[in-house]
Protein chains: 2
Amino acid sequence: MSATAAAALDGEDFAQLPESAPSTGREKSVADLMNPPVGLFGPKVTVREATEALREQVKSAFITYIYVVDDGGRLLGLVVMREMLLAEPDTALEAIMIADPFALDASLPLTEALKLALHKHFPVYPVVGEGGRLVGLVRGSDLFANRAVEISAQSGSMVGVDKEERMGTSLTRSLKLRHPWLQINLLTAFVAAAVVGAFEDTLSRLVILAVFLPVMAGQTGNTGCQALAVALRGMTLGDVKPGMERDLVRKEGMLGFLNGGLVGLTAGAGMFVYATITGEQQPFTLAAVVFLAMIIACSVAGIAGALIPLTLKRLGADPATASSIFLTTASDVASMGIFLSLATAMMPAP
Amino acid sequence: MSATAAAALDGEDFAQLPESAPSTGREKSVADLMNPPVGLFGPKVTVREATEALREQVKSAFITYIYVVDDGGRLLGLVVMREMLLAEPDTALEAIMIADPFALDASLPLTEALKLALHKHFPVYPVVGEGGRLVGLVRGSDLFANRAVEISAQSGSMVGVDKEERMGTSLTRSLKLRHPWLQINLLTAFVAAAVVGAFEDTLSRLVILAVFLPVMAGQTGNTGCQALAVALRGMTLGDVKPGMERDLVRKEGMLGFLNGGLVGLTAGAGMFVYATITGEQQPFTLAAVVFLAMIIACSVAGIAGALIPLTLKRLGADPATASSIFLTTASDVASMGIFLSLATAMMPAP
C-alpha cells in the first residue's frame, strides 16, 4: 500500500495559502479551520483492537494520531503511532497515551492559537469544545499558512493597507480599503503644514530653509521608521517581554540621538556648502541649525517609533495598524517645527 | 513509558525562535540547521526486525519516521509509523516505504528550503548530500520559526534595518547596522532638496507653497508605500506569478490616480481655505495646482511602489531591501517637483 501515506505526504498535506475571508467583522477562530475528528477510541481499548480498527479507518481518512476519549467524548489522551508499534498488543491505550495533551479551544481566535502552536509544530492539533469534548482536528499547515499570511501583512498595515487585501483584490475594493487611511494621513499632514505655516515670516526671509524641509522630514521619518520596524518585529516574535518596554524606548531614543548627530554632521555640511554657493549671509549658523535640529528631531522620532506600537497595543489595537501614519505625523511636526523654531531663534529678523 | 512521546510532544518539539547568526557574508543553508540522521534501515529489513531495533533506538533518540537507505547510505524511501503498525511483521520495509520521498538538499539556502517546505508542513525533513546520501534531518519547526523571523524582518528591511537586528542587539551594533542606510537616505534627500532649490524664485514669491510641501510629500509617500507593501506581500506569498508584473504596475498606477484625485480634492480645498484666510491673491489657482499635482504625483508614486521591488528582484537583490528609501526619493522628487513646476507655470511672475 503506502499509497495513503504517499497521498498524505504529498497530496493531503499540501495546504493552499488561504485567501483571507471577506471581513465579517469578527476574527476567524479555530472552529473555522477544523475538520471532524478521526481515530477516536476508548481508554480500555487494546493496542491490538485499535490496530485492527485502524486498518479499516485509514482507507477513508488520514489518521496521524489516535485520540483517547471517554463515553461523553471528552479528550483524555493522545497516542502516537510509534508507541502503538512498540507496545505489547494487549496493552490498553490509556497505558501508553499522553494524558491531557495540548489542545486548542474551538472558540480561540486564530491569532491566539498561532501563538500557542508556534513552538509546537505538530502536524495536527486536537480541538476541544465545552467540557473538554473533542470536537475536531486542525492541521498545523493550515494554522501556519495563516500565520505567514498574517505576518506578511504587517508592512501594509503600517500605512493603512487592510490585511484582507491581496494581489487578487479588485481595483474598486482596494480603493475602498486604502482610501480612508489616505484621507486620515492628509489630516495629519495638515497638522505638519500648520506648523510650517506658523513660520511663514521666517521662511519668507530665508527661502533656503524651505529647500531643507524635505531633508529634515525625510531623514527624521526614516530614523523613526527604523525604530518602529524593530519594535513591531520584537512584538511579533514575542521578544518584547513585559517590563522591557522602557528599555526599548530608551534604546531607540539613544539610537535616534546618535544617528541624528552623525547624519546631522553630513546634512549640516550640505547646508553649509549650499548656503555658501547661493550667497546666503550666515552659512555657518544655518549649518548649526540643521545639525541641532537633526539631533533633537531624530531623538524624538526614535522614541515615537517605539512608543507608538506599544501604545496601540495597550489600547487593545493591532500595534501595526496605521503606525507609520501616526509616526510620520510625529516626525514631520518634530523635525520641521524644531528646525524652523531654531532658525527663528538663532537668526532673528534684523 | 509514553514519557518519550510526551517529551517529544512537549519538550523536544519546542523550538526556540532562532537568533540569526552574526552576518558571515553567506546565507545559512539547510546544513546549518540539520541534526544527524536517526532511524535508518536497509530495504530488506522486515517490519518485525525494524520494530525490535526501534525499541532500543527510541531510548536515546526521538524518531518520527524510518528512513530506508542502501549500502552506500543513499536515501531510498521513508516509512511512516502508521504503515509499520498496520503491516504484516514479515513485510520488508521496501514494500511499504514511500519511494523517493521529498528531501532537502544540504546545500540549499534556507530561504529556498522554506519555499519548498511551506506547503508540506512535515515534522521532520530528510536532508541529502552528494549522490543522494542521507546526511541529516531537519525539524519543520526549526525551518518555520526561521520563516516567521524572515518575514517579520520585511518592514525593517524596507527602511534599512538589517535582518540580523533583534531586540537583544546591542546599541553600538544597531547603530553600525542602521546608520549607513540613513546616510544613503540623506543623499537621496539632497536630490529632493535640489529639486526644491531649483524653484527658490517661485518659493520666495509664494511662501504658501512651502507650507504645502510637507502635505504633497507626505501624501504621495504614503500612497506609494501602500503600493509597495502590497507588491512586497504578493511577492512574499508567491501571489505575483511570472507575467503578472505588468498588471500589478498598471493596477497600482490606476489606484494612485484615483486616490490622488480624491485626496487632491480635500487637499485642494484645504489650500483654498488657507490661501483665502491668509489673503493670497489667487486662492483658486493655488487649489488647482494642489489638485493636479496630487493626481500626477500619486500616480507616479503608485507605479514606483510596484516597480521598485520588482526591479530589485530582477537585479537579484531582496525586493524589500531599502525599497522604502528608494520609494521616498521617487515620491519626494515627483510630488514637490510637479507641485512647484505647475505653480511656476500657472502663476508666472508678473
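Every residue gets a Cβ built from N, Cα and C, even glycine.
What TrEMBL says about a protein is an automatic prediction, not a curated fact.
Checking TrEMBL for transmembrane segment across the ranges B:77-98, B:253-274 points to B:253-274. Checking TrEMBL for region 'Disordered' across the ranges B:1-29, B:146-174 points to B:1-29.
With a cut-off of 8 Å between Cβ atoms, the residues of this chain six or more beyond the transmembrane segment (B:324-347) that come close are 158-160, 181, 184-185, 188-189, 191-192, 195-196, 198-199, 202-203, 206, 209, 212-213, 216-217, 219-221, 223-225, 228, 282, 285-286, 288-290, 292-294, 296-297, 300-301, 304-305, 308. Under DSSP, the residues of the domain 'CBS' (B:97-153) split into helix, strand and coil as follows: 24 helix, 17 strand, 16 coil.
Per-residue confidence over the domain 'CBS' (B:34-96) averages 93 (mean pLDDT, predicted model). For the transmembrane segment (B:205-232), the list of distant contacts is 154, 158, 192, 196, 240, 248, 252, 255-256, 259-260, 263, 267, 270-271, 274-275, 278, 280, 286, 290, 293-294, 297-298, 300-306, 308-310, 319-320, 323-324, 327-328, 330-332, 334-336, 339-340, 343, 347, 349: same-chain residues at least six beyond its ends, Cβ to Cβ under 8 Å.
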